[in-house]
Each structure stands twice: as structure tokens, then as C-alpha cells.
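Record features, source TrEMBL:
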| type | residues | note |
| --- | --- | --- |
| DOMAIN | A:10-523 | domain 'Cytochrome oxidase subunit I profile' |
| TRANSMEM | A:26-47 | transmembrane segment |
| TRANSMEM | A:67-92 | transmembrane segment |
| TRANSMEM | A:104-127 | transmembrane segment |
| TRANSMEM | A:157-180 | transmembrane segment |
| TRANSMEM | A:192-218 | transmembrane segment |
| TRANSMEM | A:275-296 | transmembrane segment |
| TRANSMEM | A:308-333 | transmembrane segment |
| TRANSMEM | A:345-367 | transmembrane segment |
| TRANSMEM | A:379-405 | transmembrane segment |
| TRANSMEM | A:417-439 | transmembrane segment |
| TRANSMEM | A:555-574 | transmembrane segment |
| TRANSMEM | A:586-606 | transmembrane segment |
């Protein structure tokens, strides 16, 4: 017999600050990711405006360095990661037939630490200069000798805090997928998006601690005077490169795998066919993740590791083309003979395939160590990674957002606007980055703020900038679409695309707080499609109707993240010379750090001391809502 | 969902009685996977820099194996006592459980005291600080991270002892104790590696 606990229900802002509901956290991730994506996008447009013509002085060299650093860092850590997490939060519990994630409290904590880390990093713009050592922050450029502002401190501390949030999210999804699957949903019946998110979470778990250590070492060098990267005192700058890329290379697969998952959901739905080669898809994903950890030194071919190391890493890198190729062919064979509908999500998914293949081909070219000596640090590399990250990942995310938007918000996005935004985006994208391959081959160096005229760079750079603006228009149309949709009433059907195959389409859009009134019984891959083929309108429940236990909302994750934020700021400025004696007293004596840590650990203590009994939704309430629906 | 158990009706393994408990244990194992990478990276850094002494003290000049052997022994025994604590929990003997946890905490404190003494000795007597050399930075960061983990564990287990007094052994407190014991073993394993890689290798390698 379940016992009811009274629970305080919050409204308005407090509801969003205290929520532990994965569907609301998904929206928070989307908003935060959208904000940072906009900042990173503006930075990209500014970079392209500076490069629109030779010898331009639109921004200074210093500002340009800050722009490229913050563009890369913001987009990777704060722009696309949270949008991935938004989709994972919105979709995974629904796809596996669960009422929530394994750790709702940690889910909230992960979001808030990520957000405050991102805010701290972006505060640098108004607090004495943004980081300017490139998104890779190579030593010794990023050590005190060559980087005297606090820019790199914002980078090390901000990314550590944001990375903590990502790590928490990764652990949460691993546990959720392992333990919370509905009866009958074996691992080999999981939807592909859940599979790729599972593998991505595992990669997050094993990659992020490495960058955390790297950032700790760099901040110790900069703030505590340690010597990890100080050659004069025995340090080794190449160590930073190894640590950074041991994280950094898995990171690019962390980013792309969820996009693979989205494509593997969208294409079967709009081809009205089961995904071709499901098990080969699963094993290709695992293989990519495994190889992803084995290839970090291909970013360091020109560092001088020697021919043996270069050859091994070269071959390992080329191997990744095999599982990736398997995926590409599986998508093509899924579409082959299908009844393809060119809806806006499917357009983005179909646009993804050739674009990503092009990024893959240049990837194999770059994997060849001798050729890489030519390509290294040119726009060829810039073109390559934008093909996989923008043409690949961002296309995938836009496909996923258009596809799951009705499930997240209960409203369909406008199809016409969706298609307009797709065509602007894809044409703008190829205009921007296709020409950069040739700029790179002709010798244009990346990270340099301007170039001389009459080197055949002028026209191609102009084309590239025009493309960037078109791409920006595409994103703006998407935003207009989102806001215009907001004005419309909610109330799309459970299965608005009509050909939904997986469990999220069996419940209301947006789903009730508890997702599933009764946990469904899964009888095969594409559980909902299987029931449809058997002539059933809905899933067979796996349990009788009963009271549903829910976790209580809590403000503690928010407070804990504020504490970490304060401690981070305090650590950064602990060696600063302040003119104000009060400021130097609280910062130079570590008082700010201690206050921040007390807030964080105090909240942890409260969480441990006071058990969260949660609360129950009673059967009568569930039946009432059933009548209303 | 989680059935509520009253005391006396606890199952043999109370830490795995509820879905929340099982999730907590699994999630914690995953977290330790991440911790392993964290320490792995710190070990790699240390191995890369351990001979870069910048004309400061070297490993063989600094380390005193007898003292490190004692700290190792203390920490290994504390791992054993935390096993006894979990065994007492499985027999539902709350008194014995609290006792073994308290001994574990005391041993952890003893370890910390010796480590702080060791660090103070290096800094003051040997002029071996964080900024001395790349070797010193790597040493203090690796061993210091471990020490901070021990300190966190000591505070954490002390709080759990307090909760056992207040709440008793329940399906809510049991997973916490179980998980803290896994944590304690983990930092013990890390120490075994530190003893080998930092101290033994420093003396003879």
C-alpha cells in the first residue's frame, strides 16, 4: 500500500528552477543551448565578416583571436552538447518506456552546473577579455608567459564546471538505459537513438575526466605556479596536447553519434521501412566509439612523434571509415524501395548523408600523415571539421528538433518554414565551407586574422562569407518558426507523423508528468510499429493501473551550481592584485572559494540528511486525466 | 515502485532492495569508471614528469619507505574494516556496522595525519613545494588528489554513522553505506598504485 506524501508544487520561475522532470530539463537544455548557439553563431558571422576581403580591419587581431577561441569553445561545449542533451532528455525515457531517468536530482544538477560553467566562460567578454589561445588552448601559448589576461582562466575554470555537468548527465543516461527499460525491451530491441546516446554517454564517462585533469593542470600552472607545462622548470608542453586530444578526439564522436541516432530514427519513419541492418548499426556504433579512443595522436602528426607513431595512428584513423561506411549504406538501403516522404525532418536527414560523406572523405585524406603535413593548420582542416560538425551534427540536430518538436511542445513546426530553413541552411553551408577546402589547399592558414590580396583568396573568401550569412538566415527562419508555433494552441495527436515506430509516439504530446500511465510491454524492435502491424491501436500494458511514485522538486541542484560558480570565480582571482582592500581580503585569502564550497557541500549534506520520499499520483487522478483526454 | 520495508523485515542485501538502491550502486560504479580515468591521467602525467626535478630534490632523496609502508598498511587495513562493516550490514547488526565504520574513519584520519606530516616535512625541511619542479607539481597533484579523496571519504562516512544513529539501517541508508564502502576500496586501490608508481619506483626505478 503506497502512502501519499504532501508535496509543494511550484509555479512559474520556481517551477523551472526546481524541476526534476526530464521533459522540462530537456526544454531548459534546449533554451540554454539555443542561447549559447546564438552567441557562437554571432561570433562565426563576425569572423566571416572580418575575412570577407583582404587586409580588412573590421576587428583587431586580438579580437579575432578571442572570437575564434570563443566560437569553437562555445559551439562545442555549450552550443551543441546541450542540444544533444535536450534531445536525449526529451526522448530516451519515452523511447525505453520509463517514467523518468534513473537520477532525476542529478539530471537537474547536471543541467545547472553546465549552465553556470557556460555563463562563467562567457562572462570573460565583460570581465577583461575572452580566452584567446584557440579552442585547443595549446601550451605554452596558454601559459602565463604568453597569455597574461584572465581569458584562459575563464576557459579552464568555466570548462571544468560545464564538463562536470556533462559528466553527471552521461552517468545518468548510462544508468537510465541499463536499469529503466520497459519489460521486453532488451538491448537489441532498443531504438537506435537510445543506442547511440548510450554509447555517447559511455564515451563521455571515459573522456571527460581526462580534460578535467588537463584543465586542472593548466589552471594550477597559471594560478598556483605549478610547472606541468613550463619547459624551463622541467615541464612538457606536448603533455597538454596528449591530454587534450585524448579527450578531444572521443569528444567529436560523442557529438556525432547522437546525430547518427537521430538520422536512424527519422529515415525509417519517413521511408515507412524498418532500419536496414539494425544489428550492424549497433556494432558499427560500438566500433566507432572504441576506435575513437585510439586515434587521438592524428591531431599531432606534425608535433614530431616519429614515423612509427604516425603510421599506427594513421591506420587506426582510416579504420574508422569502415563502420561509418556501414552506417551510410544502411541509411541508403533503408530508403531504397521505401515510401519516402520529404517532410522537413527528413530533408535535414537526407541532406545529412552526402554532406557527412564529404566530411568523411576529407577525414580519410587528413588521416594520411604525409598529406597531413600539407593540410595541417590550413582552411582544409577547418572545412573538414565543419563538414562533420555543422553539415553532419547540426543537420542531425535540426532533423531531430523538427521530428520531436511536436512531442516536446505539443505543436507541429510549420512545414513550409521548415523547408525554407532547410534550403537556406544547406545551400549556405556548402557555399561557406566547400570553398574553404580549396582555400586550404592553396595555403590559407587558419587562425590568422587577415590575408594579403592577389593570392587567389579574395573571391573564395567572399563566397564563404555570403554562404555564412545564408546559413544564418536559415537558422533565423528556424527561430521564427519556433516562435510562430508558440502562438498556436497545443494539441497535436499522439503520433503526429502518423508513421511513428517507437514508444514515444504511443503517449500524449507533450506527455503527462508521469509519461506512461501503465508501463508498456515491448514485443519487438520498433515496438509501436509492431503493435500497429498487429492491428492494435495502443501498447499492451505490462502492469495494472496503480499509484505512481514521483520525485519531489528541489532547489538544491541550482544552489549547488551557484556555489561551484562562486568557488570558480574565487579560484580564478585568488592571485589578483586588487586596488580595493576588501576585494583583496576576500579573494586573496580564499574566502570566496571557501564560501562557494560551503554552499555546494552544504547543499550536498542537506540532500544526504533529508530523505526525499517523493509523492504519489493516485489512481483516481490518473483516471480523471484519462477521462479528460 | 519501491516497496517500503519496516525494520526487522530487511532483506539480506538491503542496499539492493529498491530500484533507487540498485540505481545508486550502478551509478556509483559508473562514476568510479570516470574516477579511474581521472587518476589514470594523473598517473600518466606523473610518469611523464617524474624525472624532471629541475635541480630540486629527487624522488630517491625525498621518500622514506618505512613511513610510506606504514601509511599503506593503515589504508589497507581500513579497507578490510569497511568490508567487515558491510558484512555487519548484511547481518543487520547496526551496532557492529557503526563500530567498523568508526574504525575505518579513524584509520582514514590516521592516514591523513601522516600524509599531512609528510607533505609538511617536504615543504619545510626539504624545500620541495608545488612550484619547485615539474616533478614536484606532478607529485603534489597526484598524491594530493588522492588525499582529498580520502578526506572526502572520512567526512562522508562520519556523516553516514550519524545517520545510522538517527535513522537506523533502512533500505534508504543501506545503499549509501554500501556505496561509501565501494568508494573507500577504490581510493585504497588508487593508493596501491601510488605506492608502487610514486614511492617504490621513485626509490628503486
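Glycine too: its Cβ is placed from the backbone N, Cα and C atoms.
Those TrEMBL annotations? Automatic predictions, nothing curated.
Keep in mind the model is a prediction, meaning the values are calculated, not measured.
Beyond its flanks by at least six residues, the transmembrane segment (A:26-47) meets 16, 19, 58-59, 64, 67-68, 70-71, 74-75, 78-83, 85-90, 111, 114-115, 118, 122, 401, 408, 468-469, 472, 475 of its own chain at Cβ-Cβ distances under 8 Å. Two recorded stretches are said to be in contact when at least 3 C-beta pairs lie under 8 angstroms, sequence spacing 6 or more; the transmembrane segment (A:345-367) and the transmembrane segment (A:275-296) fall short of this definition. Below 8 A, the CB atoms of the transmembrane segment (A:104-127) and the transmembrane segment (A:275-296) form no more than two pairs separated by six or more positions in the chain, fewer than 3 in all. The stretch in A:67-92, A:192-218, A:555-574 that contributes the largest number of Cβ pairs under 8 Å to the transmembrane segment (A:157-180) is A:192-218. Annotation: stretch A:67-92 has the most Cβ pairs under 8 Å to the transmembrane segment (A:192-218), among A:67-92, A:417-439, A:555-574, A:586-606. Residues 14, 17-18, 105-106, 108-109, 111-113, 115-117, 119-120, 150, 153-154, 157-158, 160-161, 164-165, 219, 223, 586-588, 590-604, 606-607 of the same chain lie 6 or more positions beyond the ends of the transmembrane segment (A:555-574) yet place their CB under 8 Å from a CB of it.
The domain 'Cytochrome oxidase subunit I profile' (A:10-523) scores a mean pLDDT of 96 in the predicted structure.
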